[in-house]
Amino acid sequence: MRTAYSVETVRNAERELMARLPEGALMQRAAAGLAAVCAGLLRDLLGRVYGARVVLLVGSGDNGGDALYAGARLARRGASVTVVPLAPGRTHEGGLTALLGAGGRVAGADDPYAVLAAADLVLDGITGIGGHGGLRPDAVPVARAARGSGAVVVAVDLPSGVEADSGEVTGEALRADVTVTFGTYKPGLLIDPAREHAGAVRLVDIGLAPHLPSVPGLEALQHEDVARLLPVPTGESDKYRRGVVGVVAGSPRYPGAAVLAVAGALRGGAGAVRYVGPGGDAVIARFPETLVHEGPPSKAGRVQAWAVGPGLGDALGDGSGPEAAVADVLASDVPVLVDADGLRLLDAETVRGRTAPTLLTPHAGEAAALLGVARPEVESGRLTAVRELAARYGATVLLKGSTTLVADPDPAVPVRVNPTGTPWLATAGSGDVLSGLSGSLLAAGLPARDAASVAAYLHGLSARLAARNAPLVSDEVAENLPEAWRNVVG
Ligand SMILES: NC(=O)C1=CN([C@@H]2O[C@H](COP(=O)(O)OP(=O)(O)OC[C@H]3O[C@@H](n4cnc5c(N)ncnc54)[C@H](OP(=O)(O)O)[C@@H]3O)[C@@H](O)[C@H]2O)[C@@H](O)CC1
Ligand SMILES: [K+]
């Protein structure tokens with residue numbers, strides 16, 4: 001499991017650890033790890049550290065101190081290191097002394113752009129966990145020049161300008177190729193839009209782990225976690241014991257949604273799939289193993305979980321049709337996933353009153369409608385939005401997007417962020433596959449948060465396997481799910 005902790009938690013842990021160590025030891029650990037990563041990058045780039053041109057962008061705090069001490073280490077190995085101070089007069093004193101003592105120099109007020117243009121590597125030590133509110137105006141042109149210089153840009157702890165706790169970017173932020181972070185990941189390194197600014201993230205151990213609480217603020221499943229959570233049939237399992245998932249999807253206008261949701265459901269570990277709706281012919285033509293029903297879901301036979309919503313179309317307004325199907329499913333006493341059109345048709349009070357788990361799977365636009373806010377508000381503040389939705393609806397919520405998040409209705413339970421996403425997944429119908437897949441995992445007995453996060457993981461991995469850097473269609477995401485599953489269980 002990859003875990004991230006809030007700034008407040010990191011600061012508390014650092015205080016505890018620092019009390020046991022000699023003054024400045026922690027910063028030296030951070031700087032040593034940072035210098036080692038930079039040296040590796042320079043060797044990859046130039047074959048050597050000696051003679052490399054390194055520029056340090058240094059703000060007023062300890063983030064700048066890390067950059068300066070790391071710069072001193074590189075200077076001692078023969079790199080030519082120049083500091084661009086962004087808060088002149090407030091530069092970390094010990095770090096600056098160390099750098100100058102190792103042969104580094106400070107750029108003149110008029111030549112930061114010339115040194116940046118010639119740099120091989122730029123270290124961004126403007127702000128770390130003490131920064132708020134985007135880059136300040138004087139830092140903006142410098143950060144842009146660093147990005148435009150052709151140098152490798154390495155952020156110290158966090159890309160300057162991003163919000164560490166939420167992943168929000170409220171103004172302009174530096175874009176790094178690599179971020180070297182200390183002690184633990186911070187939420188912003190895993191959640192967009194900040195995550196996009198971080199590039200490849202490297203974690204340097206500074207001995208913080210024993211001082212961090214056991215429950216993180218945010219967590220990301222890894223292969224071994226998913227392998228542990230996936231349902232495995234035993235010798236005792238028949239199709240009913242493995243779980244039957246009911247899929248309520250599709251309409252005369254959108255029959256494809258039914259096929260894609262069933263495609264996902266068939267590959268999610270349930271023993272059988274019941275399809276309810278007007279797309280039965282299309283479903284059977286493609287997947288003859290599906291149990292097909294018309295009429296209300298509650299009359300279709302027993303299921304262990306429902307997935308309702310993809311392609312249902314609009315409400316008829318007379319209480320029949322898709323809104324009746326959604327209400328019927330929500331009245332059941334088994335776990336229910338609601339997606340897409342189902343999210344518009346659900347009754348909030350009914351969802352809050354359910355005793356069995358409910359899983360809502362909106363994209364940003366649907367989440368905005370459920371919350372009554374504008375879509376950009378959800379996109380820029382994904383963590384806040386997913387937590388708020390889960391609390392308001394008393395449901396588990398999977399918020400789809402470039403970094404899919406899963407929140408539990410209990411705010412003490414860490415939000416999960418999916419690490420396997422790919423921009424290629426932004427394609428019509430991919431959400432329908434995810435609905436079926438998540439519903440199937442619910443039917444196989446996974447708790448809602450696990451079902452949602454395991455489904456997002458497999459779905460993203462499958463898309464990556466299928467896309468291999470070329471456009472893909474949703475059908476291929478479903479087709480590659482068994483390959484993703486095998487990839488995870490090894
Ligand atoms: N603690 C530890 O044990 C360890 C910490 N470590 C390192 O320390 C870092 C945290 O250091 P920190 O606390 O000094 O904060 P930091 O991020 O350098 O910001 C400093 C100042 O910047 C300013 N500022 C704010 N916003 C701004 C903006 N948008 N643009 C420009 N300036 C802005 C604001 O000051 P102001 O100008 O408002 O007076 C603020 O006080 C951490 O990320 C890690 O790298 C490691 O060495 C491991 C051990
Ligand atoms: K930084």
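Note: Cβ is positioned from N, Cα and C throughout, glycine not excepted.
Pulled from TrEMBL, these are the features on record:
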{"type": "DOMAIN", "residues": "10-214", "note": "domain 'YjeF N-terminal'"}
{"type": "BINDING", "residues": "62-66, 128-134, Asp157, Ala257, Gly311, His363, Asp432", "note": "(6S)-NADPHX binding site"}
{"type": "BINDING", "residues": "Asn63, Asp124, Ser160", "note": "K(+) binding site"}
{"type": "DOMAIN", "residues": "222-488", "note": "domain 'YjeF C-terminal'"}
{"type": "BINDING", "residues": "Lys400, Gly401, Ser402, Thr403, Thr404, Gly431", "note": "AMP binding site"}
From binding-site residues Gly65, His132, Asp157, Thr403, the one whose Cα lies nearest Asp124 (K(+) binding site):
Asp157
Which whole number of Å gives the largest C-alpha distance between any two of Lys400, Gly401, Ser402, Thr403, Thr404, Gly431, the residues noted as binding AMP?
14
Identify which of the following binding-site residues, namely Gly65, His132, Ser402, Thr403, Thr404, Gly431, place a Cβ less than 6 Å away from any atom of ligand 2, and list them by sequence position.
none
Inter-residue C-alpha distance, Asp157 ((6S)-NADPHX binding site) and Thr403 (AMP binding site) (nearest angstrom):
20
Among the binding-site residues listed here, Asp62, Asp124, Asp157, whose Cβ has the fewest other Cβ atoms inside 10 Å?
Asp62
Nearest by CA distance to Asp62 ((6S)-NADPHX binding site): which of the binding-site residues is it, out of Ser160, Thr403, Thr404?
Ser160
Around the Cβ of Thr404 (AMP binding site), other Cβ atoms found within 10 Å total 28
Restricting attention to the domain 'YjeF C-terminal' (222-488), give the mean pLDDT.
95
Could you tell me which of the binding-site residues Ile129, His363, Gly401, Thr403, Thr404 have their C-beta within a distance under 6 angstroms of some atom of ligand 1?
Ile129
Could you check which of these binding-site residues, Asn63, Gly65, Ile129, His132, Ser160, His363, sit within 10 Å of Lys400 (AMP binding site), going Cα to Cα?
His363
For the K(+) site built from Asn63, Asp124, Ser160, further residues of that chain with CB within 8 A of the site's CB center:
Leu57, Gly59, Gly64, Ala67, Gly125, Ile126, Thr127, Gly128, Gly131, Ala155, Val156, Asp157, Leu158, Pro159, Leu174
Distance check against His363 ((6S)-NADPHX binding site) for the binding-site residues Ser160, Gly401, Thr404, Gly431, keeping those with Cα within 10 Å
Gly401, Thr404, Gly431
Binding-site residues near Asn63 (K(+) binding site): from Ile129, Ser402, Thr404, Cα within 10 Å gives Ile129
